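Novice: Below you'll find the structure I mean.
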Amino acid sequence: MVKIDNIELGEFPLLLAPMEDVSDPPFRAVCKEGGADLMYTEFVSSEGLIRDAAKSVQKLDIFEYERPIGIQLFGSDIETMGECTKIATKAGPDLIDINYGCPVKQVACRGAGAALLQDIPKMVKMTEAVVKATHLPVTVKTRLGWDESTKNIEDVAERLQDIGIKALTVHGRTRVQMYKGDADWTLIGKIKDNPRIKIPIFGNGDIDSPEKAIEYRNRFGVDGIMIGRASIGYPWIFNEIKHFIKTGEHLAPPTTAERVRVCRKHLDFSIQWKGERTGILEMRRHYATYFKGLNNFKPYRMRLVETLDYAHILEILDEVTDIYALEKVEA
Ligand SMILES: Cc1cc2nc3c(=O)[nH]c(=O)nc-3n(C[C@H](O)[C@H](O)[C@H](O)COP(=O)(O)O)c2cc1C
């Protein structure tokens, strides 16, 4: 049984990655149903939270059925991170996660996210401030290092464990790599081989099939896997991996009717959550992935993204269900 502090996560947990503009409550609802064992919010800016910015505060909203869930924070100022940890703790998550992995300029070039990989003493102090500011378990998500010549994750893992983090997720790329090239899990495996490391280590990067999940689990000995992009428009990935691990067999891919049902659940929650116009607009980017593999889907997608009328969207989705009812869908 893998545990983060006293949070029990099962034998080989699958985590939903924090993803800005993606892993909001509507998306998390479909991933929970799809089998995610632990979920994280989108990253929350500590500066925004301190200023009470609406966008940051809204990201703290979590629902009972989502548990266990972590709120992910990022920032460049140690004191502010401590303060916003207190605010986030009041929102009642099961744990607090710190983002030391975000590579995008607006974050990393302002001293937050992956920038801390260039200043390990500051990272340690910041983590300490967060750990001290909450009674909840604190986890960290980061990358292998800043660039090819500074892959310091093995040292980072020991130092962060020593100051009290309860789990570590490592994305097998450096900051400089952004999302380019293949994720390399070799150093993640080395952390697991270190007898001093007692906390769960979760691997992250490029897992997009049950076969790859099992292969990477076996090769690198991780305690669980975090999945990001492969879950977008395909929340079935979690249960598919679990089923394959348990039985060695593949679950049947979702039928078109099932895809429509889950897509609609996502859409309805988005509208409820963000209001009709924004909910519909933000759902547009998800249709292509929900219906990936359907032959000649493009005209339907075009129609779905051209309308702002909810009833019309439902009509198109019904049409998709009927038209593709007999089609074989490739996963
Ligand atoms: C759209 C998008 C938004 C992301 N936002 C965050 C974030 O808010 N916090 C974070 O730690 N990582 C973020 N990431 C990185 C993912 O959590 C994950 O580490 C990365 O996508 C690699 O995993 P994957 O190959 O399974 O997608 C984001 C990734 C994507 C694609």
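Cβ coordinates come from backbone N, Cα and C, glycine included.
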Novice: Starting from the FMN binding annotation in TrEMBL that includes GLN72, HIS171, GLY228, ARG229, which of LYS141, LYS151, LYS192, LYS198 is the extra site residue?
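Specialist: As annotated by TrEMBL, GLN72, HIS171, GLY228, ARG229 share the FMN site with LYS141, chosen from LYS141, LYS151, LYS192, LYS198.
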Novice: Express the distance between the Cα positions of ARG229 (FMN binding site) and CYS102 (active site, proton donor) as a whole number of Å.
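Specialist: Pair distance, Cα basis, whole Å: 15 Å.
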Novice: In Å, rounded, how far does the Cα of GLY228 (FMN binding site) sit from the Cα of CYS102 (active site, proton donor)?
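Specialist: Taking the Cα atoms only, GLY228 (FMN binding site) lies 13 Å from CYS102 (active site, proton donor).
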Novice: Would you mind checking how many other C-beta atoms are within 10 angstroms of the C-beta on HIS171 (FMN binding site)?
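Specialist: Its Cβ has 27 other Cβ atoms within 10 Å.
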Novice: Taking GLN72, LYS141, HIS171, GLY228, ARG229 as the record's FMN-binding set, what's the max Cα pairwise distance in Å, rounded to a whole number?
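Specialist: It comes out at 17 Å between the most distant Cα atoms.
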Novice: What is the average pLDDT across the domain 'DUS-like FMN-binding' (15-309)?
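Specialist: In the predicted model, the domain 'DUS-like FMN-binding' (15-309) has a mean pLDDT of 97.
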Novice: According to DSSP, collapsed to three classes, what secondary structure does ARG229 (FMN binding site) have?
Specialist: helix
